[in-house]
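According to TrEMBL, the features are:
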DISULFID  165-171  disulfide bond
DISULFID  219-259  disulfide bond
DISULFID  421-425  disulfide bond
DISULFID  436-448  disulfide bond
DISULFID  461-475  disulfide bond
DISULFID  490-495  disulfide bond
DISULFID  533-538  disulfide bond
DISULFID  535-566  disulfide bond
DISULFID  540-549  disulfide bond
DISULFID  574-620  disulfide bond
DISULFID  592-595  disulfide bond
DISULFID  599-608  disulfide bond
DOMAIN    6-423  domain 'Integrin beta subunit VWA'
DOMAIN    599-686  domain 'Integrin beta subunit tail'
DOMAIN    710-756  domain 'Integrin beta subunit cytoplasmic'
TRANSMEM  687-709  transmembrane segment
């Protein structure tokens, strides 16, 4: 049942014909819509029965008894739970200062721990002194363990039973567990008794420590546990046996988890197997014992894994001779006490619980982490928000109780759970009422609860006559074959219609032939969301008509800006304009995509949307968001005017003399602009070819002029040469000798020359 489900009271005329009695239960709004004004809607509640404030005191103040110290508040509550409706409670936890501590030191006395025993002999007074810094009320006890006293764990030869050690070593007889010293505040007594202990021995490496832990946990009277912080220090340098290992010694009975100490010695080790880890966790938790595993470095990984399985436990590294045991215990205690983890007892069937913690420094945790808070110092206060929800009523219907407690602490919160399974009107039922067919039932909450052997809405039939053929005829419409239109059952000659998974959907009618969910729909809404469905027909609200109530009679949506309906160019049908002039479009027939001036009207907006330029580039987002812009790569991709809707092709020029192309169209009511994403600009002058052309022209003209000049000079020279030749040929020269000419040659004859 959901928290929204409520119950109708008293109104016996509420149900329509064919509706089952269970239709009285529905969601609050649904019942109101159906006209019910007599509604009973009970809610859950809570009451605090014990609310003692958390203790505020300082160390050295007046000493209180442990039972007078309160760390969690409140201590007892009573909740009235309604199905599906959570009840929230807030628990406060405050770590008290100077809180009493009981510490029990459980030590492995196998031979390998011989040197450790020497250091533990003075542990009592030393630990008392150190723990006095934390609490003024500290008690300490001591116990020891070795192994089960059967083969193959120990040697059972008579000599080895007396002295299990080899050579001249003097050891005590092996034993499983021995409670040496009950918890005491006398540190000297601890030193004295521990000093009298002797080492023993066994054969295998793992020890029987789990047997000892179980006895320490369950033998509270022998150990002397008080209702205070309980610490168990488990000291060993070896592993452990657990459930199942006892079979090696022929022990098959599982550990019974009970105390078996006689004269402070565990006497049933040979009879019961070792406990399992889960069994230990249960008993340690039940008895609020926090465990500190003081183990050597070699076995750290094993006990770290064990720590993950045991809540509120810690692991410390023990030096080879236990010389650091005091620091180990103090550090482990500080670690354990700085964390609070809430746990609850087994929940009743159908009850769930969730936690949210509000920890130090405002840290909020949820889920499984919502159960705990860490790094809590003495005097710090944290809170937990806890939601408890019942999913239904328990089979017994009786009150239940659960307990919530912080692990390792003896205090707990008791929560009594009462379940709201009936409404108040059930208590005022009229037995043997005339409303129930001459007193055949009790009239309560507007309906009849029939006496034994009677059925029907008004208890009008006996059970033995329910399925007779004559009664079934009354449930067939028009003498058909279908009983109750296959939507119900014939009970006592009357149709009781089926219930639908959706509580909003119902069958009704004398023959269950009607329903409220099979009417016409518009926009995926029943009756367009403007009416109600009755017997598969829409009953429309005011100003709506049509089979699906999808036709509005309101004409305000058809008014154009000139206050005319559909701009005078169309008719208003169902709140929408149907334009009669094909040129005009839009919701009020005011848009004309092909009218002159359309391109100029939208030019600036297309410029700013597509190119970020134009007159409206600064107000583009405000003024130009009325159309959908779609960019295309070239003009061929623009839509063509073959569409079912008018479309205008536009070519406009911008301030840079660049052309841009776009189309404007109205598709139904959507305005669409397709624009070519590249501007078409006139090409500018190419300087390099011009300069090169000019230079080339000048050079060519110069060469041409030189060639012309050269040609003219050649022609001129040839003319002059020809003239010269002509004059030369016409010239006549005189051949007479120049009278003044004197030969340059002088001839001299040697006188001695004889001519030989």
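Here the Cβ of each residue, glycine as well, is placed from N, Cα and C on the backbone.
Taking Cβ-Cβ distances under 8 Å and a sequence gap of 6 or more within the same chain, the neighbours of residue 436 (disulfide bond) are 442, 443, 448, 449, 450, 458, 459.
The 10 Å shell around the Cβ of residue 259 (disulfide bond) contains 18 further Cβ atoms across the protein chains shown. Among the disulfide-bonded residues 165, 219, 425, 461, 475, 538, the ones whose Cα sits within 10 Å of the Cα of residue 490 (disulfide bond) are 475. With every protein chain in view, the residue among the disulfide-bonded residues 425, 538, 592, 595 whose Cβ has the most Cβ partners within 10 Å turns out to be 538. If you check the disulfide-bonded residues 219, 538, 599 against residue 549 (disulfide bond), the ones with a Cα inside 10 Å of its Cα are 538. For the domain 'Integrin beta subunit cytoplasmic' (710-756), DSSP puts the residue distribution at 21 helix, 0 strand, 26 coil.
For residue 475 (disulfide bond), the Cβ neighbour count at a 10 Å cut-off comes to 22, with all displayed protein chains included. Broken down with DSSP, the domain 'Integrin beta subunit tail' (599-686) shows 20 helix, 29 strand, 39 coil.
Under a cutoff of 8 A between CB atoms, and with a sequence separation of 6+ in the same chain, the neighbours of residue 566 (disulfide bond) are 558, 560, 572, 577, 578, 579, 588, 589.
When the alpha carbons of residue 219 (disulfide bond) and residue 171 (disulfide bond) are compared, the span between them is 27 angstrom. It is 94 Å from the Cα atom of residue 165 (disulfide bond) to that of residue 533 (disulfide bond). For the pair residue 259 (disulfide bond) and residue 171 (disulfide bond), the Cα-Cα distance reads 27 Å. Across the domain 'Integrin beta subunit VWA' (6-423), the prediction's mean pLDDT works out to 86. It is 16 Å from the Cα atom of residue 535 (disulfide bond) to that of residue 495 (disulfide bond).
When the disulfide-bonded residues 461, 495, 540, 620 are screened for a C-alpha within 10 angstroms of the C-alpha of residue 533 (disulfide bond), the residues that qualify, in sequence order, are 540. Between residue 540 (disulfide bond) and residue 620 (disulfide bond), the C-alpha separation comes to 44 Å.
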